[in-house]
Amino acid sequence: RTCFITPDVKSKPCPPGQEVCYTETWCDGFCGIRGKRVELGCAATCPTPKKTGIDIQCCSTDDCNTFPLRP
């Protein structure tokens, strides 16, 4: 599997056993100016948000976790 990985936002091979790509987004103090923070990566299973306000989307095809567009 290959997924986009931050901070480079480049497609890279995932480690063995990690077949899920994810896009994690959340707001910080600059959300109104810069938009949501974004983390892209690989995982063995879809991660669970650690706190409220974090949105995680998962997919399982190569490079499916593209950087989200600002609305």
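Even glycines carry a Cβ here, placed using N, Cα and C.
Per Swiss-Prot, disulfide bond is recorded for CYS3-CYS21 (among others). Counting every protein chain shown, the Cβ of CYS21 (disulfide bond) has 27 other Cβ atoms within 10 Å. The DSSP secondary structure for CYS21 (disulfide bond) is strand.
Residues or ranges marked as disulfide bond by Swiss-Prot: CYS14-CYS42 (among others). Secondary structure at CYS42 (disulfide bond), taken from DSSP and collapsed to helix, strand or coil, is strand. Applying an 8 A CB threshold to same-chain residues 6+ apart, the list for CYS42 (disulfide bond) reads ARG1, CYS3, ILE5, CYS14, PRO15, GLN18, VAL20, CYS21, TYR22.
When secondary structure is read from DSSP and collapsed to three states, CYS31 (disulfide bond) falls in the helix class. Look at Swiss-Prot and you will find CYS27-CYS31 (among others) tagged as disulfide bond, backed by similarity to another entry.
Residues within less than 8 Å, Cβ to Cβ, of CYS46 (disulfide bond) and separated from it by at least 6 positions along the same chain comprise VAL20, TYR22, ILE56, CYS58. Residues or ranges marked as disulfide bond in Swiss-Prot: CYS46-CYS58 (among others).
Over all protein chains present, the Cβ of CYS64 (disulfide bond) has 17 other Cβ atoms lying within 10 Å. Sequence annotations record features per position, and here Swiss-Prot assigns disulfide bond to CYS59-CYS64 (among others).
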CYS31 (disulfide bond): tally of other CB atoms within 10 A of its CB: 13
Coarse DSSP state, helix versus strand versus coil, of CYS59 (disulfide bond): strand
